[in-house]
Amino acid sequence: MAGGDDDILLCNQCSCAFRTAGIEGTEVVTTSSERSFQSSLKAKRHLVQQSKEAQQARAIIKEKCPSCGHPEMEYHTMQLRSADEGQTVFYNCKKCGYKYSVNN
């Protein structure tokens, strides 16, 4: 930036452009939050999590809810630990929404 009347300051993030005439010696401070520029990897992870949740079939089991006593609960399983260990079973009461998990 030479400081001439035709010089332009360009933001690489938002493509905002400013003429530099008259701003020499001015301190420019910018801030952004962590969510302002979300990485493509984080966006993909969010999509994968939503897809997994949508694909999980919720079966019904005759298991008494520890919270409200309802005789049936939904459940699904996931392999969260190493392959040589059991699955984790997630229970959800359809009546009161109580949730808990058990490692098998």
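Using the three backbone atoms N, Cα and C, a Cβ is placed for every residue, glycine included.
Positions annotated as Zn(2+) 1 binding site by TrEMBL: CYS11, CYS14. What TrEMBL records for 61-101 is domain 'TFIIS-type'. As annotated by TrEMBL, Zn(2+) 2 binding site applies to CYS65, CYS68, CYS93, CYS96.
Distribution of TrEMBL features across the structure.
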residue	record	CB count, 10 Å
CYS11	Zn(2+) 1 binding site	10
CYS14	Zn(2+) 1 binding site	7
CYS65	Zn(2+) 2 binding site	19
CYS68	Zn(2+) 2 binding site	11
CYS93	Zn(2+) 2 binding site	20
CYS96	Zn(2+) 2 binding site	12
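Sorting each residue of the domain 'TFIIS-type' (61-101) by its DSSP state yields 0 helix, 15 strand, 26 coil. With respect to their backbone Cα atoms, CYS14 (Zn(2+) 1 binding site) and CYS96 (Zn(2+) 2 binding site) stand 47 Å from each other. Here the domain 'TFIIS-type' (61-101) has a mean pLDDT of 91 out of 100. Within 8 A of the CB centroid of the Zn(2+) 2 site residues CYS65, CYS68, CYS93, CYS96, the other residues of that chain are PRO66, SER67, GLY69, HIS70, MET73, LYS94, LYS95, GLY97, TYR98.
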